[in-house]
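Taking it in order: structure first as structure tokens, then the write-up.
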Amino acid sequence: MSQPADINQSESSAETITQGRRADRPEETPSSSVYEQNLRFGDFLMPTVGDADATDSLSQSTNDRDIYSPREIDQYTRKVSSRTDPSTSTISNARQHPRNSVSRLSRSSSNVRQQRDIPKQNFKVRPLSPLRGQSPASLRSEESFTLKERQNAINKTRAFGMRLWKPALYKKFRSINRDADIDIHDEPLKRPNTSISNVIWLICFGAPLFLVIFICYIFFTVLSFFNVPDAIVYSKLCRGLMFYLLYPFGQHVRHKVKRLSVRSPAHPIYQTQHSHYDETPTSHHPDPARLNFLSFSFCVNPMNQSLDCNTTPHRRNASSIIYTLMYYLIIAPTLLITSAICMFTIFFVPCARTLWAICRHLRTCPLSLSFRPNLALPLSMDSSDVVLLCVKKAASWKYYKYTIDGIYIIYFDMLALIIPTIFFGFFGSQGHWFTSSVFLFTASLVSIIPLAYFIGMAVASISAQSSMGMGAFINAFFGSVIEVFLYSVALRKGNAGLVEGSVIGSILAGLLLMPGLSMCAGAIRKKFQFFNIKSAGATSTMLLFAVLGAFAPTMLFRIYGPFRLDCEPCGANCQKCTKHYVLENDSLYKNRVLPFTYCCSIMLVLAYAIGLWFTLRTHASHIWQNFTADDISFLKAEEEVGEPVNQDTAGNMSDSSEGGEAVVNGNSQHHHNRDDASSGLSSNGSENESLEHEPTNELPQRPLVNQSQNSHGDDAPNWSRSKSAIILLSATFLYSLIAEILVEHVDTVLDKFAISEKFLGLTLFALVPNTTEFMNAISFALNENIALSMEIGSAYALQVCLLQIPCLMGYSLFQYYRSGDSISFKHLFTMVFPTWDMICVMICVFLLTYVHSEGKSNYFKGSILVLAYLVSMLGFTFFNY
């Protein structure tokens, strides 16, 4: 099996359009070139240099070449060819240039969006043969699963104490990333779209960039009058650059390529090009490096190979030195700042990537670049230029789904707010708007969202790559440590009401708001969804015990505790009295209730430990070791089809739609759009011995992950364990600093807006840190997996009751005895809640239990849960004593 070609990532490399392939040995050279393979399968992929996901995707496309039979390839080729409309494609515009081989590109260029219709077979896992020192049972353990399968297994089984996570933890080439590559490597023959985003670019970004580069152009023009060597060359470069940056749509960037010899069949460009010009390559062949862009720019770009920037001589003279200074002082900072601004706007991703690519090439090989309008095409056969970049639109709404290293771009953009907030919060001087309490409070609250997401991603990544015991421990510790630290800081500042409201608000959000919104969101795609009633029953049992343990001290104190009557006259012979429970200087609370709260806290932690023990010792073998081939096929079918697959032993549970490959389940075959070019099949040499492609729909044996770890695909994580650990610790440290700033300015905000600290805890402090959980729950529901959505809310409510409340009691106990029994109750978490809080939580648990008992969700039930949450919040608003 051929291996991916080494991509030259040196300074002389350019922005690539597609990934080439190279055979390891002459005898392993494929019979047909990768150009033809990509052409036939419609894999119109345009990765950037160093983009691992893109390299993985193209590597998989070549693996698919070996899976499909010649008959299937021929059928798909005819199918795609029949869809090409000569009246709308660019082929009719270039038929007058037959040497350009445009007709061969019809299936790659005009059918880019149709590449998802590729038929794909489903395979079954064959029994693993035991290796030396290993039993068949050990081979079926968790080490034999890819990371994708392990994540799906964790989500499907919903093991107690494990982190449920919707975004892919493995390397996955997403359709939005492929579209982003296409948008900056579009067909120069197509006319640009006249859109409002292009006008916004012209006014907001193009004009300022034009003025900055115009200064450099004037300077080099003046130098050219004094006959400074190469000044006129740099002047032309700046002139083309400033007009391109003013309005890049309808123009393209060219790059000169050094002429290469094609006499050697071992040359990478020769290997990927020769079969498309002549059946028998000869020395009369034209130089592939000099062919115009229409022959290879959209499939095999020579920039992907070792692009030589010495085509244009680069002499060290006064002009080059001046240009270098201008580049680092003026051009590069301007382009990079503008690129960052475009990236922060989320929707201007094509412009941001274009500016980044131009900035790189202006540093390495500026004189090899040229900027031309699209009317200058096609290129002549003797031209050594190739098309590097071609952008048709400045922005698109779809880029809110764009990912960087597996993280959505919106979370990366929000990271830019963290460091300034910490700096202004600790070192900023008063008197400025950016050091005001309102600004720092708002900025700190927003900064919590990306930090919580990164912590959740790191915890899920470590859990999926480690044993279940380690994953459960990491989730239990870091899943609650950030909230516990925030609450501890608030208690130290004397905001016990804020902590009390945050705890109640988190429970209500997990029991009502999160499942309610998930049901309403899931009804958008499917009116009814079903889940396993037995699994939901176990969760309901845990919730009932958690509520009993958390609110038992409150019930006993309300029944047996003393109270105080505060009366005021209402007339001549009447008084209006209000009953208040006071904990200070109360002997019943000190001698009876307080020890009882410590016992309840121990019981809550013990219940969590028993649940983990049951999961690790009982469910672990069921989840990992006893997974049969049918279970794995069921997981794949659920994940690839994106719909629940009927199976007697699996209940009504279905997994998320991570991908969209068509599968074969039983005797019925379902074809769906293909979202993702990655697959579980790998091409490592160590796997070839255990892989068998047979027409009996059997999946080749997958090797042990720890023995043959792929560098891409389902086996390769987005974050390694060491990287996840570093991110986890760093995000936790930053979260602690943000929590200090947030609590420091709470009192000022409360005084300015006249709201109670408990209501602030019920709303902002309870909802904002849980934004990641809401995102995961709604994403699962949209992918027709409402069971996981409801499990996320219940699991978080259990974590609050079973872990966070005992931790707060432990912190209060430490503060109570350290202060010598003289500390105020404003600095303690008493575990004695108001009566309305207790009644609300209990009713909500019974309401959710009733919804669980039916095993069916729809927008009606979701709306009822959301309305119940709103009623509870209104009660806290109008009767918050």
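Each residue, glycine too, has its Cβ placed from N, Cα and C.
What Swiss-Prot annotates here:
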type	residues	note
COMPBIAS	1-19	compositional bias 'Polar residues'
COMPBIAS	63-77	compositional bias 'Basic and acidic residues'
COMPBIAS	83-95	compositional bias 'Polar residues'
COMPBIAS	99-113	compositional bias 'Low complexity'
COMPBIAS	646-657	compositional bias 'Polar residues'
COMPBIAS	678-688	compositional bias 'Low complexity'
MOD_RES	Ser129	phosphoserine
REGION	1-39	region 'Disordered'
REGION	52-142	region 'Disordered'
REGION	641-717	region 'Disordered'
TRANSMEM	200-220	transmembrane segment
TRANSMEM	329-349	transmembrane segment
TRANSMEM	407-427	transmembrane segment
TRANSMEM	438-458	transmembrane segment
TRANSMEM	471-491	transmembrane segment
TRANSMEM	504-524	transmembrane segment
TRANSMEM	537-557	transmembrane segment
TRANSMEM	594-614	transmembrane segment
TRANSMEM	726-746	transmembrane segment
TRANSMEM	762-782	transmembrane segment
TRANSMEM	828-848	transmembrane segment
TRANSMEM	859-879	transmembrane segment
Among 200-220, 504-524, 537-557, 762-782, the stretch with the most Cβ pairs under 8 Å to the transmembrane segment (438-458) is 762-782
Most Cβ pairs under 8 Å to the transmembrane segment (594-614), of 407-427, 471-491, 537-557, 726-746, 859-879, goes to 537-557
* Between the transmembrane segment (726-746) and the transmembrane segment (828-848), do 3 or more CB pairs sit under 8 angstroms, pairs being 6 or more residues apart? -> no
* Asked: Hey, would you say the transmembrane segment (407-427) packs against the transmembrane segment (762-782), going by three or more CB pairs under 8 A that are 6+ residues apart?
  -> no
Counting Cβ pairs closer than 8 Å to the transmembrane segment (762-782), the top stretch among 200-220, 504-524, 726-746, 859-879 is 504-524
The answer for the transmembrane segment (200-220), taking Cβ pairs under 8 Å and residues 6+ beyond its ends, is 231-232, 234-235, 238-239, 241-243, 245-249, 319, 322-323, 326, 330-331, 334-335, 338, 341-342, 348, 351, 394-395
Residues outside the transmembrane segment (726-746) whose C-beta sits under 8 Å from one of its C-beta atoms, at least 6 past its ends, are 418, 421-422, 425-426, 437-438, 440-441, 444-445, 447-448, 451-452, 454-455, 457-459, 462, 478, 481-482, 485-486, 489-490, 493, 495, 498, 719, 757, 760
